[in-house]
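Please read through the structure below; I'll follow up with questions.
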Amino acid sequence: MTTEKSLAAEAENSQHQQQKEEGEGATNSGQQETQLEEASQAAAAEGSDQGEQKLKASNGDTPTHEDLTKNKERTSESRGLSRLLSSFLKRPKSQVSEEEGREVESEKEKGEGGQKEIELGNSLDEDIILKAPIAAPEPELKTDPSLDLHSLSSIETQPAQEEHREDPDSETKEGEGIEECSGTEVKEDPESRAEREPEASQKPVRRHRNMHCKVSLLDDTVYECVVEKHAKGQDLLKRVCEHLNLLEEDYFGLALWDSATSKTWLDSAKEIKKQVRGVPWNFTFNVKFYPPDPAQLTEDITRYYLCLQLRQDIVAGRLPCSFATLALLGSYTIQSELGDYDPELHGMDYVSDFKLAPNQTKELEEKVMELHKSYRSMTPAQADLEFLENAKKLSMYGVDLHKAKDLEGVDIILGVCSSGLLVYKDKLRINRFPWPKVLKISYKRSSFFIKIRPGEQEHYESTIGFKLPSYRAAKKLWKVCVEHHTFFRLTSTDTIPKSKFLALGSKFRYSGRTQAQTRQASALIDRPAPHFERTASKRASRSLDGAAAAESTDRSPRPTSAPAIAQSQVTEGPGAPIKKTPKEAVKVEEKRGEEPAEPAEPEPTEAWKVEKTHTEVTVPTSNGDQTQKLAGKGEDLIRMRKKKRERLDGENIYIRHSNLMLEDLDKSQEEIKKHHASISELKKNFMESVPEPRPSEWDKRLSTHSPFRTLNINGQVPTGDGPPLVKTQTVTISDTANAVKSEIPTKDVPIVHTETKTITYEAAQTEDSNGDLDPGVLLTAQTITSETTSSTTTTQITKTVKGGISETRIEKRIVITGDADIDHDQVLVQAIKEAKEQHPDMSVTKVVVHQETEISEE
């Protein structure tokens, strides 16, 4: 049907053209010649257009196009048919582009001067376009780049044009009578379009392109992922934390390193592409906010990655340490990675495989090995916690440094940390601005300003300015200050204000969670502890508890008072008889190590206890000195220092002497007088060295449950955090009936039996002959006594210097006398808790519970 209609239309159109030509006569001969030229050009373009027609006709219109092309070839020599074909070839182009159609209409009106032909062409073209669309543009329009680019603007037309470029050479060979110039014209057209093809084809691809990211992790591995081009910083950070199985992700961030010492934090609220210069998206995963107290972190895996960050800081020189601190931190690193020392597995030079310091020496490695060999049954998680507890005390812990100059042009360094803004000059801190004193922080061009709150004697606010290298550096410092102040000082983040017309200033706000919100979220974590691999040994993080207590060469491993607490889990012995006058003493020894000269590990001191009291509990720690007091009712506790460590566990000597005072048996009277003469000096030195009390890991455990009811079969308390304790128990029953009868020969006086029970819990310590032979030089000593109606508390503080190391020891004794039953667990817990609150940086190494009960027989 379509073929018949198209042929009839062509016949009518040819007759119409012939009649019109005869009417016009010779006056239109010039126009006819022009139309002949156009017809010849159109016929030359037929060969190039046939390939496209065949491809498009493959959709179901093949018969129509084949008949039409055959008809064109048969009537190509006819003048009227040439004009008809010219109008047909021009008109479909106007259906594709309205602008081209208007140009074609204007040319046809000028060249032929008739409206009837155009109307007829429109009526015929509508059917032809629906059935067999013809896209054969004029030759002069093919070379117009603007029109070609316009035709490439849609994605749907792209495949047809690519197919059209493949066939023109083969199709031009089929056409006969085609001029050479028209053939070259057809060849140039695909080349010009091929040059413009990459530009047009890239547009839709870029619109949906994903970006490849590389993130260097703290364990020296690289995490690669693909993110959407418009992804924000928080999207990438979340993916990295999911890869690492981290839930406490607010302490971490992604950084871009401008240089080896300068980094820029990726803003989590902005798109990544707006913050990254260049195509390669390479980031590093780092700790952004260093927690002031790492013990408050909920999960071990979070503390482990914090340890990895601090190790990088130490090796890179961003966290300077002394030799002793490097050795101590290095030993905890080895313990965390390798576990307990095993000579068969580790050999003699295993520490050299680890990078522990910027300038690692053989001497440092030997010291690390010596300390590592002294640790027994310390879990990786406990070693990480000990590492963090020592690292957080360093002056440069968690300080983000920025180079600047003061108003006089002197080079300084500004440090931002959790407590405030620090100012350093020549590697020394010269000023500190805590966050509570800072009212406002701002920047203008390359200057950075802080407004300080006036003091008590000041009446006006003061503004301090600093000069930074560039505007970008000033803005970066300002952002870091805003983030640290918001995270550590505020309970919630501020909402970003709505944009106002011509609003001045930056809209930047910290968009993450604050530390308070992070702790609340961490408290809701109820998943089991995740298993992860240590970087060096690839050893799964697991508990190393259960190993027998062994000797330590240099110092007792102390998991921050956890051992002492977990160790003191026993108070009640077998069968409690009737108590008439129970007396209980709790004695807590604590030791503090200070490093005035060359720092080294404090050597543990051992104390012999020669006791005579009714019922006592003694808790010594691994580096304690002596504090002793008269136990009450004419009974004294005598403390002796052993020359050699050959004490029998649980051995106690009881002496009845009403006038015997507590003294060190190995010290002369002159030394004792010196002790009492320097009490004021000791008090001053001790109070200066004690920091603010802060809650420790043990205090948290005390608040949740009481661990004083369980014991292992071998008498060792199952502690998860501390070294094993050696428990000894001694029960002595003395018969005082004979003495009473000799003094008071009365039949009414009952016979009294005294039962004494002593339970000792002590951290495992090694034999150190040198330390015991050299008692050290005693600097100061102080004794403080307080009494109530039912208890007496005695605290003795001594300070000695041994081998260039200052050592402070505190011993506390509590004696409770009463007729009622006493909750020994509660007394012990309270004594240890008070000791830790008063001296949070000391450790409890020994607990001795001494109980004496008088049994009357009627």
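Placement of Cβ uses the backbone N, Cα and C atoms for every residue, glycine included.
Since we're looking at a predicted model, the values are computed, not measured.
Feature table excerpt (Swiss-Prot):
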- 31-50: compositional bias 'Low complexity' (COMPBIAS)
- 63-77: compositional bias 'Basic and acidic residues' (COMPBIAS)
- 78-89: compositional bias 'Low complexity' (COMPBIAS)
- 103-119: compositional bias 'Basic and acidic residues' (COMPBIAS)
- 161-176: compositional bias 'Basic and acidic residues' (COMPBIAS)
- 185-200: compositional bias 'Basic and acidic residues' (COMPBIAS)
- 581-595: compositional bias 'Basic and acidic residues' (COMPBIAS)
- 606-615: compositional bias 'Basic and acidic residues' (COMPBIAS)
- S14: phosphoserine (MOD_RES)
- T62: phosphothreonine (MOD_RES)
- S153: phosphoserine (MOD_RES)
- Y223: phosphotyrosine (MOD_RES)
- S522: phosphoserine (MOD_RES)
- S556: phosphoserine (MOD_RES)
- Y654: phosphotyrosine (MOD_RES)
- S658: phosphoserine (MOD_RES)
- S668: phosphoserine (MOD_RES)
- S703: phosphoserine (MOD_RES)
- T730: phosphothreonine (MOD_RES)
- T853: phosphothreonine (MOD_RES)
- 1-125: region 'Disordered' (REGION)
- 155-208: region 'Disordered' (REGION)
- 518-636: region 'Disordered' (REGION)
- 609-707: region 'Spectrin--actin-binding' (REGION)
- 710-858: region 'C-terminal (CTD)' (REGION)
Out of S522, T853, give me whichever of these modified residues has the highest number of other Cβ atoms within 10 Å.
T853
Which residues does Y223 (phosphotyrosine) neighbour through Cβ under 8 Å, counting only same-chain ones at least six apart?
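Looking at Cβ-Cβ distances below 8 Å from Y223 (phosphotyrosine), excluding near sequence neighbours, one finds K214, V215, L217, V240, H243, F285.
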Would you mind giving the whole-number mean pLDDT across the region 'C-terminal (CTD)' (710-858)?
61
With H, G and I counted as helix, E and B as strand and the rest as coil, say where DSSP puts S522 (phosphoserine).
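The residue in question, S522 (phosphoserine), is helix (DSSP, three-state).
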Using the alpha carbons only, what distance in Å do you get between T853 (phosphothreonine) and S522 (phosphoserine) once rounded?
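Their Cα atoms are separated by 48 Å.
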